[in-house]
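Written below as structure tokens is the structure these notes are about.
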């Protein structure tokens, strides 16, 4: 008996029949023509099929692998205005305080995320452990923060270009960068991850290179052969405006560190969180110590806070006011200022790219919880929250306001909506961790059941919460008694508008939904909890470490 078949090189399905006269089985293969690349691209934007897991796509980078993603304009440019308003000691002190606070925030978030993995946004923890109404307020607070960052960074990118030329209207550069960010986000999380990976490498190399160069310049190894030492810490002095100057730097430090909290969440999503969380912890510590504290201490040695160039930029995000660029130019080093300015441009675009990613995922998560318009919950076949991405990109057009004379004033009010966003987010994470621990104990659980435990436990979160509250108080003081000006209503609301906005959102949702307060006895600790056999992880780690050479064990302790 013979069998024959007809095939084409494309996808196919078959149909068999028997020839009664000859006793042969004839198999005919009919093909469906494979779609073209354009058709596949179009189909990818269609809604996810019912049988498909249509969850929001997350970052595909190795969990816990910190690549310096939050290093941006806050460090490279914003630190210039902070140095001018607070002085070198206030600059280093405030960044160190925020850094220590962030360490506790990241570890608290990591402990929560290991036990209760989530996707989209961690505002869900506020709804679960504090109050659903507070979760609503925190979700929109976080989304608004990223939505406003987008047009801000587009404008900053145009201002960075002015370092080389101002013959082209800033609107042209805004358009170019807006299209670039749109293209990156069309490729979804893979495009975002690839771009962030390479830009992060550039930023890390730039900061490490500046630290080495700064040490050389401080000890007189530059072209001027002038020993600088700590003379600027003595004259004009360590503080620019005493206690008020110290209070004024906290917001800049918070902006520079914003996004760091994602380290704890990403590491917690790993298959072996007990292994990746400590690694992420050490990376946060070393980045705070080396990238921020060391570089800013050197900035204080190389640039006096009285330098007119620190406040000479057209805005607080003008790269010409970057203390990094000023320090290099003061040393009469050629070409390198332009190279570092290019790094700042990369950092600006990185933050703009991250803002679309962060805003879209948060908005989609809000929509899925019926706390935002349902259209924002649209997810395509590739896992992209298309409606939320589209909204984020549309708000980028606000950047064109800077082409008008009223632009800077409008932007100041937009910034006021998110100026305190990070403090509310970080404080809420710490409060969630405190309530989780109280509920965990009251409901009869022990710490041995947790795969990962925050190094400083509940006390670390209490300290982190207290520091966030103190920062909000310090900013309130600056809003009421601004530096170099008389108290006025406009200045107050531009500095503190975010607080009443958050409270209004909380109160409105509380009244509309009558959501209950969460207490240790009423918090649900079972739904969505990841059950992991902790003893299995411990044995695996112990066996793996015993096989390591001595140098690797020492390296693992440090990094």
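Every residue, even glycine, has its Cβ placed from backbone N, Cα and C.
Please treat TrEMBL annotations as automatic predictions, because they have not gone through curation.
When TrEMBL is compared with the stretches 413-438, 517-542, the one noted as transmembrane segment is 413-438.
Looking at 313-338, 339-364, the stretch flagged in TrEMBL as transmembrane segment turns out to be 339-364. Remote same-chain residues near the transmembrane segment (242-263) are listed as 64, 66, 69-70, 72, 74-75, 78-79, 81-82, 85-87, 90-91, 93-95, 97-99, 102, 105-106, 109, 122, 145, 280, 283-284, 292, 354, 358, 419-423, 425-426, 429, 471, 474-475, 477-478, 481, 483 (criterion: CB distance under 8 Å, separation of at least six residues from the stretch ends). Cβ atoms under 8 Å from those of the transmembrane segment (201-222) belong to residues 67-68, 71-72, 75, 228-229, 290-291, 294-295, 298-299, 301-302, 324, 327-328, 331-333, 336, 340, 343, 346-347, 350 of the same chain, restricted to positions at least 6 beyond its ends.
The average pLDDT for the domain 'Amino acid permease/ SLC12A' (68-517) in the predicted structure is 84. Here the transmembrane segment (339-364) has long-range neighbours at 56, 58, 69, 71-73, 76-77, 119-121, 123, 139, 142-143, 146-147, 149-150, 153-154, 156-157, 160-161, 163-164, 177, 180-181, 184-185, 189, 192, 195-196, 199-200, 202-203, 206, 210, 259, 262, 319, 322, 324-325, 328, 372, 376-377, 379, 385, 387-389, 391-393, 396, meaning same-chain residues at least 6 beyond its ends whose C-beta is under 8 angstroms from one of its own.
Counted over residue pairs separated by six or more positions, the transmembrane segment (170-189) shares fewer than 3 Cβ pairs under 8 angstroms with the transmembrane segment (450-479), which leaves the two as not touching.
Contact count against the transmembrane segment (413-438) (Cβ pairs under 8 Å) is highest for 450-479, out of 95-125, 284-305, 385-407, 450-479, 491-509. Below 8 A, the CB atoms of the transmembrane segment (146-164) and the transmembrane segment (491-509) form no more than two pairs separated by six or more positions in the chain, fewer than 3 in all.
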